[in-house]
Amino acid sequence: MVVGLRPVGVLLALVAALSIVTLVSANSDLTGTFGAIAGSWLAVHHVPLGIGGADLGILPLLPTIVLMVSVARACAGAVSETSTRRDVCWVLAAALGAPLVFAAVMLAMIQDASSVIPLTTPNALVTFGWVLAVHATAAAVGLVVGTWPGVLQRVHLAPWAVAAFVPAARAVATLVAGGAVLVVASLVMSWSTVGALLETGDGVIGSLGLTVVSILYLPNVVIGAAAVVTGSSAHVGAATVSLFDTAGGPIPAVPVLAALPESSAQVWWPAMLVVPVLAAYLLGRGCASATLSAPDALRAAATAAVMVSLVAVIAGFVAGGVMGTFGDLGVDVLILGVATFGWSLVVGGSTAAVAGHLLHRDEVTDAWLDHHDEADEPVELAEPMAAIEAAPEPEDDVVEEDVPAEEPVANDDDVVDAEVVEIDDPDETR
């Protein structure tokens, strides 16, 4: 249960501290403290709130991202590559059970505080749905990271499908980086407007509060800018911005919204389409490098295009919402999904096909040349033998016994007649 209790418990402590500090700094009555704490806790989980009869559906993404990272890290640390399916299920149940219990408590606190402060109790089904979606997504990412690469042995994905994950993540990161650069550049060019909006805070505390709100909503604005550079549009109520057209309208007095252009669309703005082109090129190049053939590279690029489009649609959906009388704030989710898929599939797929063909053709050529180089190497012959030894004659199986040679018999014709001469003894002669 530590996996589920620690993130939501720490979040509750931080939200309580910030709520009390904010109420004390504003010299406000502490009567509705519990309602403010519960509302803030649910807002981090993107649960729409009703305050004073106005709907607040667009909520800051930065606290939600921090919460999801902490949940993912807790789940990843609780499992390993050798964890069984039962262990993973227990960790997932703990990661989802505790937040749902906390959500029920927060709903009860808001219901109790609604009689004191103008805070409407959110719909229970919507509340549990958002809490479950946030924690389930974070827990799933953490469990996959913690059990990687052992999870591949259980899922049995094709190699080209596995190869699509990293290029898709790289493409999404490129789009986000392009949106962030655009936001920073726009804020720098509109710095006077930022200063004017900060002065509406009526003092240091108010200006500090507006700065904090701008930081919390910064990821929302970056996603809107990323949608614009891909060819979609972003809108703040009636005000609309795209690379090809703009429309004016009232906007909330939040300094980060000074990034919105104050003039009509310029001729050079379509040049920012280089951002999705670059992201798609990196996607295709990565798929070609991670696969073993051009057809597999094309399949991986198509799969990665679907992933990028899905992430873009989800990000565009959660980054927007309703803000009171200003109406809907966000991006055109449908065009964003189609644009990201089109860029990734056309540019990324073409890059993957060409790069995969060239890359693997070079590998085949190198292998062919290496093979023929080895075949063309001179063969070193052994030194000629000084003499050729004759093969030994086979021995008979029967061993002959040594027979003594017969003495030669003299022929009568060859015998020389000899006269026997007797020699007298000298002693007898005397």
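In case you wondered, yes, glycine gets a Cβ from its N, Cα and C as well.
Taken from TrEMBL, the feature transmembrane segment applies to 50-76 (among others).
Marked as transmembrane segment by TrEMBL: 88-110 (among others). If you look at the transmembrane segment (88-110), the same-chain residues 6 or more away from its ends with a CB under 8 A from one of its CBs are 1-5, 7-8, 12, 34-35, 37-39, 41-42, 45, 71, 74-75, 78-79, 119, 121-122, 124, 127-128, 131-132, 134-136, 138-140, 142-143, 147.
What TrEMBL records for 130-148 (among others) is transmembrane segment.
As annotated by TrEMBL, transmembrane segment applies to 160-188 (among others). Tertiary proximity for the transmembrane segment (160-188) is limited to same-chain residues at least six positions away from its ends with a CB under 8 Å from its CB atoms, namely 152, 194, 218, 221-230, 256, 258-261, 272, 275-276, 278-280, 282-287, 290-291, 296-297, 299-301, 303-305, 307-308, 311-312, 340, 344, 348.
The transmembrane segment feature in TrEMBL is assigned to 208-229 (among others).
Sequence-distant contacts of the transmembrane segment (241-261) (same chain, at least 6 residues past either end, Cβ-Cβ under 8 Å): 182-183, 186-187, 190, 193-194, 197-198, 200, 210-211, 213-215, 217-218, 221, 225, 228-229, 231-235, 269-270, 272-273, 323, 326. Annotated transmembrane segment per TrEMBL: 241-261 (among others), in sequence order.
Annotation comment: TrEMBL describes 267-288 (among others) as transmembrane segment.
Panel annotation: around the transmembrane segment (300-322), residues 46, 48, 55-59, 61, 64, 160-161, 163-165, 167-168, 171-172, 175, 219-220, 223-224, 227, 230, 232, 279, 283-284, 286-287, 290-291, 328-333, 336-338, 340-341, 344-345, 348-349, 351-353 of the same chain, lying at least six beyond its termini, place a Cβ under 8 Å from a Cβ of the stretch. The transmembrane segment annotation in TrEMBL covers 300-322 (among others).
Taken from TrEMBL, the feature transmembrane segment covers 334-359 (among others). Beyond the ends of the transmembrane segment (334-359), by six or more residues, the same chain brings 167, 171, 175, 227, 230-233, 276-277, 279-281, 283-285, 287-289, 291, 293-298, 300-302, 304-306, 308-310, 312-313, 316 to within a C-beta distance below 8 angstroms of the stretch.
According to TrEMBL, the region 'Disordered' annotation covers 392-430.
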